[in-house]
Each structure stands twice: as C-alpha cells, then as structure tokens.
Amino acid sequence: MRIAVYPGSFDPITNGHLDIIERAAELFDRLIVAIAKNPLKKPLFTLEERLDMLRETLKFYPNIEIDSFDGLTVNYLKAKNAQVIIRGLRAISDFENEFMMALTNKKLVPRVETIFLMTRAEYSFISSSAVKEVAMYGGCLKGLVPEYVELKLREKFRKEGC
Ligand code: ADP
C-alpha cells in the first residue's frame, strides 16, 4: 500500500491546498493530511479548529485521513508506515525553502521521498496568510477557501460576507 503524508500548518486550509490534496489522493492508496504542530508558529486557528476545518472539507474523500503530529515529519512518516511527503509549489520563492527541507528529510531518512505538485495557475496566488488578511479587512473570500472555512474566518473576524 502506497501511503503519502501532506504536512502543513493549514491555518486555514485554502482552495490551493484542496487542489493539491485532491490530486495527491488520486496518486496514492492513502493520503494523510497532517497538521504539523510547529511551536515556532503562532497560528490564528487552534489545532482543534484547524482539524475541524480539514475534517469538514475532506469528509467525502474515502482514502484521506486527517491527523496532527509533533516533532519531525520523517518520524511521523515512519510511525504511519508512509514513504512519501507531498508538498505544493506556487512560485520560485517557495523553491529554496522546500528544497532545503526535502534534502534535510532525505538526509535524515534516505528512503523517504518528497514529491512536489505544481499549483494550478488559478490558485498560484492563494496563501493562508493572504486569505487571513483579506478576511481581517472584510474582503470577499469566494473562490479562495472552501465555504465552511469562509464561515469560520467570518466568525473569527466578525465580518459580513460578500
Ligand atoms: P507550511 O507552514 O508547512 O508551509 P502551509 O499550510 O502554509 O504549511 O502549506 C502546506 C503546503 O502547501 C506547502 O507545501 C505549501 O507550499 C503548499 N501550498 C500552500 N498554498 C498553496 C497553493 N495555493 N497551491 C499549491 N500549494 C500550496
């Protein structure tokens, strides 16, 4: 069985993430979308809120599992018996950091592969941080995030929708 892990902050999940998830789920028997509990990051949404948004958005995909983990991604992969890390690439600016992470993970556990899926052109500009900024100032979130996430962002910032 081919198992892949798509790790990230998902603060919150966007349509860009969703596109990568749908495509990765087609390629593997099982895809685990896992929130990395990075103590260095200050997320807007709590871990529980982010898990809830992932669960709600991905509830109709039979081969997708939602989870969270502490510590190194490669250790999490071992625990889950997974071989592949999925990451999305939007622009050249993503490359340097992703390249460094992929090489570090390869050094730690040589049998682990990182597979990059290129964003779809129409999602290439979407990031969780831009989405949060739009939401904070009451801008229209249609097409940027799943509807459930739109609702949660509006609740968080107490802003009306469009
Ligand atoms: P992290 O904090 O690990 O970067 P994110 O939740 O921001 O977590 O992103 C997780 C992964 O999804 C990263 O590989 C990132 O490059 C990718 N990603 C984010 N937004 C998009 C998008 N719009 N299109 C494709 N990939 C994306």
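Even glycines carry a Cβ here, placed using N, Cα and C.
Given the structure is predicted, the values throughout are model-derived calculations rather than measurements.
The domain 'Cytidyltransferase-like' feature in TrEMBL is assigned to 5-133. Positions annotated as substrate binding site by TrEMBL: Ser9, Lys41, Thr73, Arg87. The ATP binding site annotation in TrEMBL covers Ser9, Phe10, His17, Gly88, Leu89, Arg90, Glu98, Tyr123, Ser124, Phe125, Ile126, Ser127, Ser128, Ser129. Residues or ranges marked as site 'Transition state stabilizer' by TrEMBL: His17.
Proximity to ligand 1 at the level of Cβ atoms, with a cut-off under 6 angstroms, picks out Arg87, Ser128 from the binding-site residues Thr73, Arg87, Ser128. Cβ neighbours of Ser128 (ATP binding site) (same chain, under 8 Å, six or more residues apart in sequence): Ser9, Phe10, Asp11, Pro12, Ile13, Thr14. Around the Cβ of Lys41 (substrate binding site), 9 further Cβ atoms fall within 10 Å across all displayed protein chains. Using Cα positions, the member of the binding-site residues Lys41, Thr73, Arg87 nearest to His17 (ATP binding site) is identified as Arg87. Helix, strand and coil counts under DSSP for the domain 'Cytidyltransferase-like' (5-133) come to 58 helix, 29 strand, 42 coil.
Distance noted between the C-alpha atoms of Thr73 (substrate binding site) and Ile126 (ATP binding site) is 24 Å.
Of all the binding-site residues listed here (Leu89, Ile126), the one with the fewest other CB atoms within 10 A of its own CB is Leu89. Taking the binding-site residues Ser9, His17 in turn, the residue surrounded by the fewest other Cβ atoms inside 10 Å of its Cβ turns out to be Ser9. Checking each of the binding-site residues (Glu98, Ser124, Ile126) against Arg87 (substrate binding site), the C-alpha distance stays within 10 Å for Glu98. Of all the binding-site residues listed here (Thr73, Ser124), it is Ser124 whose C-beta has the fewest other C-beta atoms within 10 angstroms. Geometry remark: Glu98 (ATP binding site) versus Lys41 (substrate binding site), CA distance 17 Å. All chains included, 16 other C-beta atoms sit within 10 angstroms of the C-beta of Glu98 (ATP binding site).
Per-residue confidence over the domain 'Cytidyltransferase-like' (5-133) averages 96 (mean pLDDT, predicted model).
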